[in-house]
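Report on the structure given below.
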Amino acid sequence: MRLIPLVTAEQVGKWAARHIVNRINAFKPTADRPFVLGLPTGGTPLTAYKALVEMHKAGQVSFKHVVTFNMDEYVGLPKEHPESYHSFMHRNFFDHVDIPAENINLLNGNAPDIDAECRRYEEKIRSYGKIHLFMGGVGNDGHIAFNEPASSLASRTRIKTLTHDTRVANSRFFDGDVDLVPKYALTVGVGTLLDAEEVMILVLGHQKALALQAAVEGNVNHMWTITCLQLHPKAVIVCDEPSTMELKVKTLKYFNELEAENIKGL
């Protein structure tokens with residue numbers, strides 16, 4: 001596992017965006033051989049999306065031959081709702097780059113048959129072989145996507161009940177009213193995530209410090225979903241300074257020295 005310890009949220013976003021752009025450009029995607037990118041929502045990736053849009057407008061990357069799969073979507077929230085993840089992605093990323101509409105894949109939280117929708121999503125991912133890079137965030141309790149504590153590490157795309165803590169955390173997007181936050185969501189599974197060629201998780205803020213500590217210094221534990229990254233052959237965590245407050249000094253020193261060349265220029 002790689003840990004990229006940075007100082008600010010803006011630096012985390014810029015590093016993540018630069019990494020994505022480098023991966024896409026090195027892959028040299030075509031219409032017949034697209035680069036497959038997994039994407040998250042929420043507050044954490046906003047700086048990364050902003051940086052990606054800026055790099056696209058500067059001519060440094062094209063998304064014309066990129067296929068995307070989003071991590072999750074609320075159940076029962078109309079896709080036109082401003083807080084649906086469909087709306088979020090278009091508002092913050094898709095509408096500002098050259099990705100074709102047919103290359104965008106989002107779960108349908110209003111599908112008449114939820115189980116069939118989850119199977120369809122998994123089959124669509126498999127039809128491309130694999131996701132080349134899956135970017136994600138992490139919750140205070142270590143959840144990735146909506147794989148809450150005690151999620152199976154072999155799980156696939158499915159419906160999940162959101163914990164009260166997750167709904168409280170997300171209520172900031174619903175005028176602070178937890179009752180407006182949906183109780184259920186569709187989410188890729190931990191197994192789906194681990195199938196990706198590379199997984200990159202962004203960690204911001206002191207509230208995520210215990211989750212980061214579990215991921216880097218703890219044991220694999222289904223109560224901390226983020227620890228699944230220890231099972232992945234190519235996982236990278238990009239974090240800001242406040243999120244590292246629970247890490248041992250020697251752990252942070254080790255990764256700072258190891259990644260010194262990769263941190264330059266931010």
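Backbone N, Cα and C define each Cβ position, glycine as well.
Given the structure is predicted, the values throughout are model-derived calculations rather than measurements.
When Cβ atoms from all protein chains are considered, those within 10 Å of ASP72 (active site, proton acceptor) total 23, not counting its own. Positions annotated as active site, proton acceptor by Swiss-Prot: ASP72 (among others).
A coil conformation is recorded for ASP141 (active site, for ring-opening step) in the three-state DSSP classification, outside any helix or strand. Per Swiss-Prot, active site, for ring-opening step is recorded for ASP141 (among others).
The Cβ of HIS143 (active site, proton acceptor) has PRO149, SER151, THR166, THR225, ILE226 as same-chain neighbours under 8 Å, each 6 or more residues away in sequence. The active site, proton acceptor feature in Swiss-Prot is assigned to HIS143 (among others).
The Cβ of GLU148 (active site, for ring-opening step) has 21 neighbouring Cβ atoms from other residues within 10 Å, across all protein chains displayed. Sequence annotations record features per position, and here Swiss-Prot assigns active site, for ring-opening step to GLU148 (among others).
Counting every protein chain shown, the Cβ of SER151 (site 'Part of the allosteric site') has 22 other Cβ atoms within 10 Å. Taken from Swiss-Prot, the feature site 'Part of the allosteric site' applies to SER151 (among others), supported by sequence analysis.
Annotation comment: Swiss-Prot describes ARG158 (among others) as site 'Part of the allosteric site', evidence class sequence analysis. For ARG158 (site 'Part of the allosteric site'), the Cβ neighbour count at a 10 Å cut-off comes to 21, with all displayed protein chains included.
Here Swiss-Prot flags LYS160 (among others) as site 'Part of the allosteric site'. In sequence order, PHE146, ASN147, GLU148, SER151, TYR184, ALA185, LEU186, THR187 are the residues of the chain that are 6 or more apart from LYS160 (site 'Part of the allosteric site') and have a CB within less than 8 Å of its CB.
When Cβ atoms from all protein chains are considered, those within 10 Å of THR161 (site 'Part of the allosteric site') total 12, not counting its own. The feature site 'Part of the allosteric site' is assigned by Swiss-Prot to THR161 (among others), with sequence analysis given as support.
Annotation source Swiss-Prot lists site 'Part of the allosteric site' at TYR254 (among others). DSSP classifies TYR254 (site 'Part of the allosteric site') as helix under the three-state reduction. There are 14 other CB atoms within 10 A of the CB of TYR254 (site 'Part of the allosteric site'), with all protein chains counted.
Other Cβ atoms within 10 Å of the Cβ of ASP141 (active site, for ring-opening step) number 20 in total over all chains. Of ASP141, ARG158, THR161, TYR254, all annotated as recorded positions, the residue with the shortest Cα distance to ASP72 (active site, proton acceptor) is ARG158. Cα of THR161 (site 'Part of the allosteric site') to Cα of TYR254 (site 'Part of the allosteric site'): a span of 38 Å.
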